[in-house]
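**Q** Take this structure first; my questions come after.
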Amino acid sequence: MEEPKKENKHLDHYYEDSEIDTYFSNNKVKIPVTEKSGFNFRKLWAFTGPGFLMSIAYLDPGNIESDLQSGTVGNYRLLWVLFGATVLGFIMQSLATKLGVVTGLHLAEMCHRQYKRIPRLILWVMVEIAVIGSDMQEVIGTAIAIYLLSNKIVPLWAGCLITIIDTFTFLFLDKYGLRKLEMFFGLLITVMGITFGYEYVVSGPNSMDVVKGLFIPMCKDCDSKVLLQAVGVIGAVIMPHNLYLHSALVKSRDIDRKNPERLKEANMYYYIESAIALICSLIINIFVVSVFAFGLFQKTNGDIVSIIEYNNNHLGNISEQLNEYVDADIYKGGIFLGCAYGVAALYIWAVGILAAGQSSTMTGTYAGQFAMEGFLNLRWSKWKRVLFTRSLAMVPTFCTAFFSNLSDLTSLNDYLNAVMSLQLPFALIPTIAFTSNPKIMGSFTNGIIIKIISLMLSVVIVVINIYFVVEKLLNLSLQLYIVSIIYILAVCYFIFIMYLVIHLYIAMGGTWMSDHPAIAKFVIVPLGQQIIDTEKKEQNGV
């Protein structure tokens, strides 16, 4: 067997520690051995799975709502933004993949070793907020889908409660093994492709307009609402907890991490698989944007009422001002499709939304479990983790569904996208820092071009997402004390980001700050000390 390169000597401890894992220790997928070198479809199939589980975050109810709003507000003009956001997502997911493959540790575990106690606890809280926000979107999507499929017989609050049952059902499926679970989620993605593809076919948008919108960057006559929606697309597509999730899922394959050639091979196959998965998710998102760009762009509520009356349809009603443009959401989108293209279109739409909601159930559970294990070195059984996440997500969602109305429930998706946008730096910055640190990655450290590209993308994404959140806040009428609280939180938020940036600078080889006593005390955790501390914890059973 080929020995690891000399510069990989820093990774020995990570290799040894990587075998301790709640999910994959006794359930790793074997990689077939082939005589010939180069690309092999059998090996690609063995590596297929983590990328498709990762791509589910690009298809959750929050993304679907963002898609239909993009089409309604911006016509086909925002398709290129969706395409660009997906490419950005692929680049960042590739870094997360490389971290998990090379070190045998996922992002949360690496944070535990690289950050001081208080910063890593803050990071854990931020990841949990993102996971709970994603879980709330799953609850909302499932509740609305059940509401539509039951012909409004099952109320929204009851649909929220039903999601508790489906979560534990997925835990039952998990007992049958990782590969079967991956196949099941592949089936859900297929259902979304078929259902949303059906809507695309029956609505019949102009294919040339779709292609132009996808590949020609333009935003002619875009007002502030369209620009804000473009920002929202990026915030909805790139999910912070997804980087933590993907870096852990790649550990499910049995890879010889002490052999650099096997690591290169694993990275290659994971990149290919992730690209295929994200292409599939992009196509599904394009279906949704195009359907509503064709059907609802510059349509008023009065136009929709005319469609309802013309078809003598009783699927729903529009209570907003008739001369105002349609403010689309998941529910109204289904009603429009049912009125314009027949009841079958409504039910097929609801099935697609149900699949989108269900598919994010277990991925959120996995992401939360990985975060808890990594940041806190705390191992819970899956049912406890599910109960914890779903309970926190259920309370605000159920209260909104029970005490408010459907419009308020669907509008929660927008605010949840804003919340998750704020969490993005707490995944992007650590990912770049660790993969750019030669003491962690050895010969697999990011090259100068990747460093520059990832840093530039991170700055752009973070600035765009913060702009999105600020615009959302400016549109709200807030009392002075709430504004004061938000201001204080914003100051703390940027201080912590600066802390992460300083750590990133040092990880990338910056030296002029590393000798400062305050930096050495509060920011840097020497690699040798990480190993000593970890071994002490393991000896004490912590």
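Glycine residues also receive a Cβ, built from the backbone N, Cα and C atoms like all the rest.
I grabbed these lines from TrEMBL:
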TRANSMEM  44-59  transmembrane segment
TRANSMEM  79-101  transmembrane segment
TRANSMEM  121-148  transmembrane segment
TRANSMEM  154-173  transmembrane segment
TRANSMEM  185-206  transmembrane segment
TRANSMEM  226-249  transmembrane segment
TRANSMEM  270-297  transmembrane segment
TRANSMEM  335-356  transmembrane segment
TRANSMEM  386-403  transmembrane segment
TRANSMEM  415-436  transmembrane segment
TRANSMEM  448-468  transmembrane segment
TRANSMEM  480-506  transmembrane segment
**Q** Counting Cβ pairs under 8 Å that are 6 or more apart in sequence, does the total for the transmembrane segment (121-148) and the transmembrane segment (79-101) reach three or more?
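**A** Not in contact, no.
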**Q** So which of 44-59, 154-173, 386-403, 415-436 has the most C-beta pairs under 8 Å when paired with the transmembrane segment (226-249)?
**A** 415-436
**Q** Let me spell it out: take the transmembrane segment (154-173), skip the flanking residues so only those 6+ beyond its ends count, and list any with a Cβ under 8 Å from a Cβ in it.
**A** 138-139, 142-147, 180-181, 184, 357-358, 361-362, 365, 382-383, 386, 390, 394, 397-398, 401-402, 406, 409
**Q** Rank 79-101, 335-356, 386-403 by Cβ pairs under 8 Å to the transmembrane segment (270-297) and hand me the top one.
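**A** That would be 79-101.
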**Q** At a threshold of under 8 Å on Cβ distances, which of 44-59, 386-403, 448-468, 480-506 pairs most often with the transmembrane segment (415-436)?
**A** 448-468
**Q** Who are the long-range neighbours of the transmembrane segment (44-59) in its own chain, taking Cβ under 8 Å and residues 6 or more past its ends?
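**A** Result: 29-32, 86, 89, 93, 97, 134, 178-179, 182, 185-186, 188-189, 192, 237, 239, 241-242, 245-246, 249-250, 252-253, 266, 269-270, 272-278, 280-282, 284-285, 356, 359-360, 363, 366.
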**Q** For the transmembrane segment (448-468) against the transmembrane segment (335-356), do we get 3 or more Cβ-Cβ pairs below 8 Å once near-sequence pairs (under 6 apart) are dropped?
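**A** The answer is no, given that the two segments have fewer than 3 Cβ pairs within the 8 Å cut-off.
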**Q** So if I exclude everything within five residues of the ends of the transmembrane segment (79-101), which remaining residues of that chain have a CB under 8 angstroms from its CBs? That is, six or more out.
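**A** Hits for the transmembrane segment (79-101): 50-51, 54, 58, 67, 70, 107, 110, 210, 213-218, 230, 233-234, 237-238, 242-244, 246-251, 255, 257, 263, 266-267, 270-271, 274-275, 278, 281-282, 285-286, 289-290, 428, 431-432, 434-435, 441, 444, 446, 450, 453-454, 457, 461.
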